[in-house]
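**Q** Relevant sequence annotations retrieved from TrEMBL are reproduced here:
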DOMAIN    73-258  domain 'Aminopeptidase N-like N-terminal'
DOMAIN    293-510  domain 'Peptidase M1 membrane alanine aminopeptidase'
BINDING   H365, H369, E388  Zn(2+) binding site
ACT_SITE  E366  active site, proton acceptor
SITE      Y451  site 'Transition state stabilizer'
DOMAIN    591-870  domain 'ERAP1-like C-terminal'
Amino acid sequence: MLLVLGRRVSLSFVKRVIPQDPVLLSNPILQDFRTIKFRVIHSGTVFASATRQNTDTMPERRPFVRLPTDVYPVNYGLCLKPDLIDFTFEGKLEAIVKVNLATNQIVMNCADIDIITASFVPEGGEEINATGFNYQNEDEKVTLSFPSALQKGSGTLKIDFVGELNDKMKGFYRSKYATPAGEIRYAAVTQFEATDARRAFPCWDEPAIKATFDISLIVPKDRVALSNMNVIDRKPHPEDDSLLEVKFATTPIMSTYLVAFVIGEYDFVEGQSSDGVTVRVYTPTGKAEQGKFALEVAVKTLPFYNDYFNVPYPLPKIDLIAIADFAAGAMENWGLVTYRETALLIDPKNSCSSSRQWVALVVGHELAHQWFGNLVTMEWWTHLWLNEGFASWIEYLCVDHCFPDYDIWTQFVSADYTRALDLDALDNSHPIEVNVGHPSEVDEIFDAISYSKGASVIRMLHNYIGDKDFRKGMHSYLLKFQHKNAATEDLWDCLEQASGKPIALVMSSWTKQMGFPIIVVDQEQQGDDRILKISQKKFCASGPHNGEDCPNWMVPISICTGEDPGCTKLKVLLDSPETTITINNISPDQWVKINPGTVGFYRIQYSSAMLEGLLPGIRDLTLLPVDRLGLQNDLFSLSRAGMISTVEVLKLMEAFVNEPNYTVWSDLSCNLGVLSSLLSHTDFHEEIQEFIRDLFTPIGLKLGWECKQGEGHLDALLRGLVLGKLGKAGHKPTLEEARRRFKDHVEGKQILSADLRSPVYLTVLKHGDSATLDTMLKLHKQADMQEEKNRIERVLGAISAPDLIQKVLTFALSEDVRPQDTVSVIGGVAGSSKHGRKAAWKFVKDNWEELHNRYQGGFLISRLIKVKTSFIKQFFSKALFNCSYSHIFLSSSESTTLCYETRN
């Protein structure tokens, strides 16, 4: 599953939500700021500590016992009949089961389902009716009791049941959509990961309890019915000629969370991969054209993974379908992948470049799961990080294959790698691998540590092993465990055998302890040799680690020199607190850089002399873009942590005067946004805006407003970034031009190109009034494409007036905003200003009952809480919440602390 965690294409013009409050700076530093207008800061640092030690008392973990193994399923025969008017469904389950140990009861998972009848038919024996159903609602289990012991052997468990098509975007639920004529209708769709298959049918809802599935759906004859496998029979229902019974082929052995079915009205486009798999992309009716880009990506992606893993895709078809109401970004159900509309649909005329990139990444992510997650599945949720971290890494490999012009690996460093470093440096981070007990804990680990740090350490591992041995190990792993379950250590074993390197020992230091090291480097020239003194210690956003027991990591260290910046000159494995490395035959004037490619998951602190020596490589662009980005990001983080002076950061920023790369500018923009936020309520707010205008004006003039012949994907992203940044900072020519173009767009004289809409919308709103907001809300109502609606929703929070901010918050809960997008609107307000944060916090408090009922404690509620980290302490305050509210928040504390909504 892919969550909307802020881990993808950066909002190229909207400031990242900052994980700390703006602070008042000491007077001497402020005076220095005024004197030099951001050229240098004479002493100290302007950055606040990014975190404080969490002293809140956390509740004890809920007790949990996994399902007994005395009875387990072999095959589910499942027939469901949804009612799209009354929002209920009827179900019949005939499961072939094996009784391992004689017992008079069967324990299964069951939630929000009423069982009507249940019986057991032993193979060759007589039917035994269940005498009671004992529901354990808190544990989401049911115990079926029988009058006599079920004997060891095979049999069939029969259950008739009913349930509700809920509106919580989990389990078997209803999704509202409008027909081309404007009529409101509902589809019946599923979202089962992590533990919601039990809301659709009684089952053994644990990833290691695999079985095959024979699924039938009874649906209105004018609706499309889809499931994991291809249709093998379609016939009229004998009791109602307005219904069809649709039967699907038997699935491979699989986990319950990967089962899916969809009933609704859809068009589709179809293709076939070079290895013979039928691929369809299902779209809302009348929008089939918007599925063509995703189809193109999917048709290229399947053969790429077939080749990379050297294991064929095992199903005859794969469907990708856009769901109107969908909590996650996408879900990798085997053979039927479900998506938010904005993660799958691309309008050739009205979709921006960042949306195309996003769709390519999400398609790549979910199709990777067809092998890594579906064919081989984690044994328990403890190993979820490997599922998601791997898919979050290999999606970039796939997109780089399909679209080499995207420079996607540089973007990975900005979107995933540095984001993971920022979050994992907090005192309240957690290890990648978290022991999961009760299923209620699963949502807590669907966070950026699982996804972005997981992807980053997999990328580091791939680099450490080498592509050839990595692929060899992956092939061995998939073959050995196909149609089975595996743990993290099983993959390490296969990679260790393929590479001959101590993979388990190295990786356990990265997955089983939280945080990461800072590598401190100094040098000394001795004749023709350079002596590097390298040490490691834990990096903390709150300042230097002063604990007695400082953890150590096994750190793959790579080194390059100015002689050939693109070539690694030396590799070592740092397995001790410090070491000395000698580089032979290097002249005194050559610079040395640690971590070329910014692959190793650590920060670097160079000596002043080494850093000074690297500046020419930034100015003349001999350092690769990814390394230019990594250098400034490291320094900025060190300065925020109070470990170096801000002087060094600003000196480095001045070296980027000739920078042409989109991703480098994007990361600079985010870091300047942090600085701007810190100073936003001081006397120096206008001075930092001036600094931003001065920095971005030359590149803005060079790019202009119009796309030029020969420009590509990255030019479009860079133009949106720069114009948005200038507009938000109050650059008058940009503001005037944005207003002119917005007026022409609204009046229909000259429609804005898709890539210019977000920066223009942001600029006019930031400096707009009530009429501007009303116009924007009118555009939102008129928009036929969800991408355009989301584009507007994400920037509404830029409006400045307090009464208009309140209007935006009220709009967030209106019928005009889809339930999954409410979080984005509130998050946009919370990230816009100090007043916006206070207003958003009050709004969440005042509307808590409605919000909690809407999201039912899932990961969306965690992200809502996390729209601003400064809310957390208030959320836990006993003065604000009674015990029941506190329990809700505390039970989601991990994801609450680390997830926030900043995604494009």
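Any Cβ shown, glycine's included, is placed from N, Cα and C.
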**Q** Between the Cα atoms of H369 (Zn(2+) binding site) and Y451 (site 'Transition state stabilizer'), find the distance and write it as a whole number of Å.
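**A** Cα-Cα distance, H369 (Zn(2+) binding site) to Y451 (site 'Transition state stabilizer'): 13 Å.
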**Q** Take the C-alpha atoms of H365 (Zn(2+) binding site) and Y451 (site 'Transition state stabilizer') and report the distance between them in angstrom, rounded.
**A** 11
**Q** Could you please provide the mean pLDDT value for the domain 'Aminopeptidase N-like N-terminal' (73-258)?
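**A** Mean per-residue confidence for the domain 'Aminopeptidase N-like N-terminal' (73-258): 96 out of 100.
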**Q** Radius 10 Å, atoms counted are CB only; among the binding-site residues H365, H369, which position scores highest?
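**A** When each Cβ's neighbours within 10 Å are tallied, H365 tops the list.
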**Q** Quick check on the recorded positions: of E366, E388, whose CB has the lowest count of neighbouring CB atoms inside 10 Å?
**A** E388
**Q** Let's check the environment of Y451 (site 'Transition state stabilizer'): how many other CB atoms sit within 10 Å of its CB?
**A** 28
**Q** What's the CA-CA gap between E388 (Zn(2+) binding site) and Y451 (site 'Transition state stabilizer') in angstrom, rounded?
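**A** The Cα atom of E388 (Zn(2+) binding site) is 5 Å away from the Cα atom of Y451 (site 'Transition state stabilizer').
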**Q** Using C-alpha atoms only, work out the spacing between the residue listed as 'active site, proton acceptor' and Y451 (site 'Transition state stabilizer') and round it to an integer in Å.
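**A** The Cα atom of the residue listed as 'active site, proton acceptor' is 13 Å away from the Cα atom of Y451 (site 'Transition state stabilizer').
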**Q** Can you give me the residues near the recorded Zn(2+) site, meaning same chain, not H365, H369, E388 themselves, Cβ no more than 8 Å from the center of the site's Cβ atoms?
**A** M1, L2, E332, E366, A368, F372, G373, N387, F390, A391, S392, E395
